[in-house]
Amino acid sequence: MTTSGHACPVPAVNGHMTHYPATPYPLLFPPVIGGLSLPPLHGLHGHPPPSGCSTPSPATIETQSTSSEELVPSPPSPLPPPRVYKPCFVCQDKSSGYHYGVSACEGCKGFFRRSIQKNMIYTCHRDKNCVINKVTRNRCQYCRLQKCFEVGMSKESVRNDRNKKKKETSKQECTESYEMTAELDDLTEKIRKAHQETFPSLCQLGKYTTNSSADHRVRLDLGLWDKFSELATKCIIKIVEFAKRLPGFTGLTIADQITLLKAACLDILILRICTRYTPEQDTMTFSDGLTLNRTQMHNAGFGPLTDLVFTFANQLLPLEMDDTETGLLSAICLICGDRQDLEEPTKVDKLQEPLLEALKIYIRKRRPSKPHMFPKILMKITDLRSISAKGAERVITLKMEIPGSMPPLIQEMLENSEGHEPLTPSSSGNTAEHSPSISPSSVENSGVSQSPLVQ
């Protein structure tokens, strides 16, 4: 701005603008700065302006000052210190933040989320007062979940979080094609084959029956018990074979393989026998073709567990599961990172993820008009766990009632499984030698039994 043909002189002023050189601005903004001169600032200090110069209004000064400040780069702000959270309220491990209302570690956050989303039902095999810390947190799922509630973790937070994710993905779900990737297709085929080759379907078996205690319930029919325990031992060996054929299972530590097999063995045994249920005769058929009615199953050793198992078998009928779905569900039961005492639970969880995805896609492709069938089938795992927990207690009762007749492999599979007490005070030295169901490779030049789980 000029007046009377000459520019107003601009004296040096003490202020923030004097610390920055003016020369770069014409270089950076030549079209804007080139034709302008800075306004005089005399009026700010009470000095009259030189003749011929007008005093700018305060509004003009404020506007121009602000504009000038915007051109000046500010020094970078120092980074805030990292936020420090209180230890996990549940197990006292290092917290990763506030999850579901409390400070929690990643392990307890994931455990609580899975427990709520899957409606898990846990059982404490002690006095429901187990100590939960970073060392013991995987030993009792019941007490760990109760501790989560006690410290203030919120069910609603999990559900709200889930609903939020559902809304965010609802548009994607409408257009989802549910096509198998090559990897998932290969995984599904391997599991179907592993299941079929370790568990023949009902239509492949030549059924035969027995008249032994078929009409009325008794406490225990020793003849049926001997036959049942022999068949159960063979079934366990087939489950071990099935597990070893699951992609990735043998890549786990030996300890984790055994932990998973012990924890899931009864689940899979019950699932398998229930798929061989014939509702018209109310019978179940074993792998050698032996077919027992409900009364005989009770007398063979199932006892108070009998009606629970038959009810579960009836609930499976409307689901019309095929061999692929049964195999995948068995694999999901087995490979589960929630099992206590695992060395690498995160690795197990990651191994389970493609199994869940494969089952979801397979079910929805097979039943496109029944979108809710996948969660219905998956929820059967909760029922299986509840029944198998009672089944483990039943085996312990049988061990006390008929000492010396418990097959060693059944005993081993249930020993310390999911928090159960050992069936015997110490491992038997040479019982495995006398079991016709255990391969001779289980015993190597010694009278000491060696677990077939690690062969």
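The backbone N, Cα and C atoms fix where each Cβ goes, and this holds for glycine too.
Annotation source Swiss-Prot lists DNA-binding region at 88-153. Across the residues of the DNA-binding region (88-153), the predicted structure has a mean pLDDT of 90.
For 53-66 (among others), the entry in Swiss-Prot reads compositional bias 'Polar residues'.
Annotation source Swiss-Prot lists compositional bias 'Polar residues' at 424-434 (among others).
Positions annotated as compositional bias 'Low complexity' by Swiss-Prot: 435-455.
Look at Swiss-Prot and you will find 183-417 tagged as domain 'NR LBD'.
Among the features that Swiss-Prot reports, phosphoserine is placed at Ser77.
Summarising the annotation, Swiss-Prot assigns region 'Modulating' to 1-87.
Per Swiss-Prot, region 'Disordered' is recorded for 47-78 (among others).
Taken from Swiss-Prot, the feature region 'Hinge' covers 154-182.
Under the heading region 'Disordered', Swiss-Prot lists 415-455 (among others).
Annotated zinc finger per Swiss-Prot: 88-108 (among others), in sequence order. Counting same-chain residues at least six beyond the ends of the zinc finger (88-108), those with a Cβ under 8 angstroms from any Cβ of the stretch are 132-134, 137, 144, 147-148, 151-154, 157-158, 161, 345.
The list of residues near the zinc finger (124-148) in space but at least 6 beyond its ends in sequence, with Cβ under 8 angstroms from a Cβ of it, reads 88, 90-93, 105, 107-108, 111-112, 115, 338-342, 345, 418-421. Swiss-Prot lists 124-148 (among others) with the feature zinc finger, giving sequence analysis as the kind of evidence.
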